[in-house]
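Taken from TrEMBL as is:
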type: TRANSMEM; residues: 12-35; note: transmembrane segment
type: TRANSMEM; residues: 47-66; note: transmembrane segment
type: TRANSMEM; residues: 87-104; note: transmembrane segment
type: TRANSMEM; residues: 124-145; note: transmembrane segment
type: DOMAIN; residues: 272-375; note: domain 'Sensor histidine kinase NatK-like C-terminal'
Amino acid sequence: FKTNWNRTQKIFYGLLPFVIGDMFQRIIALYLRFLFQLEYSAMSLNIVFNVVITLLLLPFYLLFFKGLGIESKDLKVDTIDKELRKTFRWLNASFITYFLLVRITTQAEIWSQRGMIVIDWNPYYIRTNILLLYFAIFIVSMLYLNYQKKEKQAREIQELKDKQITDLGRYSRHVESLYKEIRSFRHDYTNILVSLNEAIKDEDIVAIRSVYQEVIADSDRKFYDGKYDIARLSNIQNPAVKSLLSSKMLEAQKKGIAISVEVDAEIEPPALELIEFITILSILLDNAIDAAEQCTNGNIVFAYFQEYDRKIVVVENTTVEDKAATSHIFEYGHSTKGDNRGIGLANVKTILDNYPKFSISTNSSNHRFVQELVFLE
């Protein structure tokens, strides 16, 4: 089984189960020993006692993390956020230190009992002090990690709210400008019908034909412009998603990129955290705008629809290259246009890795780059 974990993630996920299991078992054993006044030598050889400790491990684990207000998702390693990356590296260093100290004192005790070495200190006493000290450090570290995660989440939510207000403002101004265009068209169309009415009254076929061919026949062509496609975003039921998409489409138009929006039926966001869905859309659309902007006749297609039990998002854009390389685009640090882009796509992969039913596929050919997200409900 191969993962995309980096070194920090491998060390953390590899040592965390051992450290928690070993530390919790020793804490439970220490408590039971003093509760029942058991000797250490008798306790370590008692099979029933060891079975009881093992059975108490799971409830102790659940009560411990519930008491600290920490959920399993809070133990997910974040190596993109600089401060969180430092915290996880500190935790890894503490795991390794605890592991080495416990193993050294345990091995020293075994060698002493076998007469291989002579020591003038009590390994069990030293190991118990290491355990209690590290248990306190572990609690503080978990609380600090939980605090950092909550702070980061609060910042992201606030940034999302601020951005949503800004995007909604842009969307409202765009809708207002379209409304003014439609009012203007209605006024012009009324004048056209008046002139046509006069021609009909005079039974002037030449004038009627002239008015139709020169004015009426092409009068609706202006509404084929891509800027009117943004109105299709009204089918997206979530305001935050709608405001983000409208903002990105308007940004693309401002840069001279043609857009096409296909959201033909009312649809809700897929079943993942809203902020994660918005993050994914933002990254994919930013990349699409970057690539299309480099093309002479750049364009972007955004589609969001549902097929049976699947919600599908398609982001397509033109590219300068006939066929862009796609094999390593989700690797951390890999980018064809700046570091942020590489980090962004790596972030998309990190988010989707938490949802086994969600996937992303990438295809590039004929100067088109297509990314398709599939959310299995």
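The count begins at 1 with the first shown residue.
Cβ coordinates come from backbone N, Cα and C, glycine included.
Just so you know, TrEMBL annotations never went through curation; they're auto-generated.
Residues 5, 43, 49, 52-54, 56-57, 60-61, 64, 75, 77, 88, 91-92, 95-96, 98-99, 102, 127-128, 131, 134-135, 138 of the same chain sit 6 or more residues outside the transmembrane segment (12-35) yet have a Cβ under 8 Å from a Cβ within it. Per-residue pLDDT, averaged along the domain 'Sensor histidine kinase NatK-like C-terminal' (272-375), amounts to 85 for this model. Sequence-distant contacts of the transmembrane segment (124-145), counting only residues of its own chain at least 6 positions beyond either end whose CB sits under 8 Å from a CB of the stretch, comprise 19, 23, 26-27, 30, 40, 65, 68, 70, 74-75, 84, 87-88, 90-91, 94, 98, 101-102, 105-106, 109. DSSP states for the domain 'Sensor histidine kinase NatK-like C-terminal' (272-375), grouped as helix (H, G, I), strand (E, B) and coil, give 34 helix, 34 strand, 36 coil.
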